[in-house]
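Worksheet for the structure shown next.
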Ligand code: 1PR
């Protein structure tokens, strides 16, 4: 029996699903005594350090946790569950950590995107049974803006490099904790969890060069989901956002089945977009929550869900806020939520009033679940203009002139699945959303969507250079070379595609095999 400490933030379901997939029963901590009585305790954490410590204190968990840690029984902390073991964090000055290990949690101050998000390697500092069965070159999934600076080198189990060498796992006796998410790290992560559950021999891993812990560029499979004309939930795919063919919604498969296929083929993440979420309230759209629940039972890489994340008032006047919608998604197995139309409305409001309200979906969700859990999905369309000062927007000079020879363009944000253009450009939108607390940008492009002509590199370059959070390039992938182009000609951290994967034009494994040796990717896949 494994006891899981769920203090109410983020995706605990994935950890539970991963443990169950390894044949173990799980029960949750509901009272302080449950910690005292646990035989094997897992503490997964996502969200913010200060909020986590306040909740632990409020529920009376701090002393039982410290007693458990000192008792010599097995403990595994994950992500914030690692950071909690130290004395404090720059994320929440004045808020004490558990102080079980000496050291402090620091913010990344590096010349690359923060959060550190994606697949990276580990370098073992000592033998450990946790690493049994690994070869040493595996990549694991990280998502964090703060890292542990340990005051005791003897407890450091592994380190990882991201502009700075940081502690990616610690171990002392039966107490272990990892910065990465084993439950989201595919087969390698499941192996580590299995080792924790099983008590294996401690291997000495071969030495790994610092360059091998370089962050991998992510390949993401995207599933646009909606009900078809018969009312069944299907994966569909548009051409420049038009998902109908001969009047009917295209049906390219079943969401859970396709997600599982992409996981097995080596996708680094799966994104579901409920593309009619802007008009149907998602909490009424239970099938989508069910899709997430079922997917998270079988797919052990990060899951993002978008569509309809906004405040909503029911016909009978009941009000739901975006945070409630997002919480349902996290509880159902999502690691991140993606906000589209509402982000445009929020940015319009911020620009109009000259500052944030503090109440927007981006702000409220990132405050509780952390910025890494908030993705902004932008649906821009290219608008040509004759000169850079023709519009009060961020204009770029383009190598692909417009129909009348225009050498300049801007990227207009749209809402409601591209149906409505707004007076905000994609670069400004990304920048303001980052200031509000967003952790990642999913950058679509209506002109390229479904065309297989390659990503709009000019758009991606302009947005990526304007923000310090990771950018996912999307729309237009038609072959493996397009992924190489986007990773070598822009600083995008990830590339997402839909059509070529759904239609088996190119497989995810094929893309990765092509990229291997040219840019860092997660490889091997299993
Ligand atoms: O506005 O918060 O409710 O979110 C709605 C979400 O649904 C947004 O993220 C929006 O991008 C998405 N969406 C709405 N309508 C469509 C549509 O296609 N009619 N999908 C749609 C657009 C594009 C990508 C696509 C890539 C790659 N999403 O999902 O997967 O362009 O395609 P490709 O590789 O085949 O070129 P809200």
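Just so it is clear, glycine is given a Cβ too, placed from its N, Cα and C backbone atoms.
Automatic, uncurated: that is what TrEMBL annotation is.
Here is what TrEMBL says about this protein:
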DOMAIN    4-197  domain 'Glutamine amidotransferase'
ACT_SITE  79  active site, nucleophile
ACT_SITE  181  active site
ACT_SITE  183  active site
**Prompt:** Given residue 183 (active site) and residue 79 (active site, nucleophile), what distance in Å do their CA atoms have, once rounded to a whole number?
**Reply:** 11
**Complete:** Ordered by sequence, the long-range same-chain Cβ contacts of residue 79 (active site, nucleophile) under 8 Å (at least 6 apart) are 44, 45, 46, 143, 144, 178, 179, 180, 181
**Asked** Where does the residue listed as 'active site, nucleophile' sit in DSSP terms: helix, strand, or coil?
**Response** strand
**Request:** Return the residue, from the listed active-site residues 181, 183, with the maximum count of other C-beta atoms within 10 angstroms of its C-beta.
**Result:** 183
